[in-house]
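All remarks here apply to the structure that follows.
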Amino acid sequence: MSLHSSHPAVVRRNTPPPLIRAFRGERPEVTPVWFMRQAGRSLPEYRELRVGTDMLDACLTPELASEITLQPVRRHGVDAGIFFSDIVIPVRLAGVGVQIVPGRGPVLEHAVRSAADVANLPPLDPAALDPIREAVALTVAQLGDTPLIGFAGAPYTLASYLVEGGPSKEQLITRSMMHSDPDSWAALLTWCAEITGAFLAAQIEAGASAGQLFDSWAGSLSVADYTERVAPYSSLALEPVRALDVPLVHFGVGTGPLLPAMHAVGVDVMGVDWRVPLDDASRRLGGEVPLQGNIDPALLTAPWSVLEPHVRDVLDRGRAAPAHVVNLGHGVPPDTDPTVLTRIVEFVHSYE
Ligand code: 1CP
């Protein structure tokens, strides 16, 4: 029996929590809300806890990762926790040299660009995921009825860090490799799909109630490249979690033209960035897909008199979809005043 089915909160409830109901296409009495990157640098309690601990080490210390996951749930009263980790954790756990450089993001010891580089990528030992399983189990035990969302990076976004060697604006070297060396591309994306799928499955098996696949940088791709050279590997990454029967969300930035293709990899919910209004996004998806989004993160620093009508507009347009979970159109910017996030949660929960 999996830890999931033995989790007391799951066994006790008759109806699933509002987030899960919305992910399944229902409209609970109150619209659920959480924020991508809700854990992390916008919270003073996070900055305090992280002093002296490297980012990836924090992710791999179960008590710390669990506490950081719980901080925004306690503070904001959001409808879900998102597991505190990073998309490059499975890369590190496979034994590939990667660090999070403060203010920059994931940086690889060696960029992966040739057939030999790809052939040298080590397999991920399932036992290496134990700290992840332990952190999730600890977190779920403390969350009670609030669901935990597990996540992983999609193979393309993950591969972009490996090939570029770090963050990049338009993933030029990555997209060049996709066309110039299709065999290495296929091998690299297969490796990424296997490690990231195992990372996501470990979180769900340990008790996470939903999963989100982040293909953050897929917006740099044409629809043809996405469909032919990326989507099959995103499907492959989701293979180990399909049997686990939890709702799956797919999200990327600047992915308006890709929404139907990203839905077609086999997910239940589409995350939408701030560029596409939710009623438009719903039309593009045939009016049948629950949506998550899409408050513009730029407006978090605007006066409430500007932000409030925007949140209202997001909620109203979200009614075009069968179900709606409020979120931002991308992550919480680090300089966000956290009291603004709490105010949004209160507003969304009281909106009729
Ligand atoms: O020192 C710090 O605080 C480092 C900042 C940081 C944090 C808080 C990084 C480095 N990662 C994280 C945690 C994280 N990463 C979470 C959990 C927190 C939460 O959501 O509450 C999640 C879901 C991620 C996922 C992630 N990492 C994505 C996909 C989501 C997205 O925002 O698009 C991506 C692209 C990454 C790579 C990454 N890791 C860190 C940074 C700064 C970046 C982006 C770098 C870039 O712009 O390319």
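In case you wondered, yes, glycine gets a Cβ from its N, Cα and C as well.
Curation plays no part in TrEMBL annotations; they are all automatic predictions.
Here is what TrEMBL says about this protein:
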type	residues	note
DOMAIN	32-41	domain 'Uroporphyrinogen decarboxylase (URO-D)'
BINDING	Arg37, Gln38, Ala39, Gly40, Arg41, Asp86, Tyr161, Ser216, His330	substrate binding site
SITE	Asp86	site 'Transition state stabilizer'
DOMAIN	149-165	domain 'Uroporphyrinogen decarboxylase (URO-D)'
Annotated substrate contacts Arg37, Gln38, Ala39, Gly40, Arg41, Asp86, Tyr161, Ser216, His330, maximal Cα-Cα distance (Å, integer): 23
Cβ neighbour count within 10 Å of Arg41 (substrate binding site): 15
Within the domain 'Uroporphyrinogen decarboxylase (URO-D)' (32-41), residues counted as helix, strand or coil by DSSP: 0 helix, 1 strand, 9 coil
Confidence summary for the domain 'Uroporphyrinogen decarboxylase (URO-D)' (32-41), mean pLDDT rounded: 96
CB contacts for His330 (substrate binding site) [other CB atoms within 10 A, all chains]: 22
Sequence-ordered recorded positions from Arg37, Asp86, Tyr161 with Cβ under 6 Å of an atom of ligand 1: Arg37, Asp86
Nearest-integer angstrom distance between the alpha carbons (Cα) of His330 (substrate binding site) and Asp86 (site 'Transition state stabilizer'): 15
Winner by Cβ contact number (other Cβ atoms within 10 Å) across the recorded positions Ala39, Asp86, Tyr161: Tyr161
